Amino acid sequence: MKVSVLITLAVLGVMFLLTSAEERGSDQMDSPAWLKSMERIFQSEERECRWLFGGCEKDSDCCEHLGCRRTKPSWCGWDFTFGK
């Protein structure tokens, strides 16, 4: 429920920004460039290691405190260690 409210507010905010830009008389070429720059926020980052339940081939593929579980399909699972 909270997530859907936040998504709705984000969409309304973007719509407000786009309509206010049109009212100020900016040309249509500005809006697509602005939207392309905003794409970076929503793209996932490339990571060096795999998170919990991510696919793996060996233990070094997984993040710290995770080990590769070799059941089919292979996935990264907690190796029962703690620390920083």
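Every residue, even glycine, has its Cβ placed from backbone N, Cα and C.
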Cys49, Cys62 - which one Swiss-Prot pairs with Cys76 by disulfide:
Cys62
Identify the disulfide partner of Cys49 as annotated in Swiss-Prot; candidates are Cys63, Cys68.
Cys63
Which of these disulfide-bonded residues has the least crowded Cβ, counting other Cβ atoms within 10 Å: Cys49, Cys56, Cys62, Cys68, Cys76?
Cys49
Cys63 (disulfide bond), Cβ-centred 10 Å count of other Cβ atoms over all protein chains shown, is 13
Would you kindly give the Cα-Cα distance separating Cys49 (disulfide bond) and Cys68 (disulfide bond), rounded to the nearest Å?
11
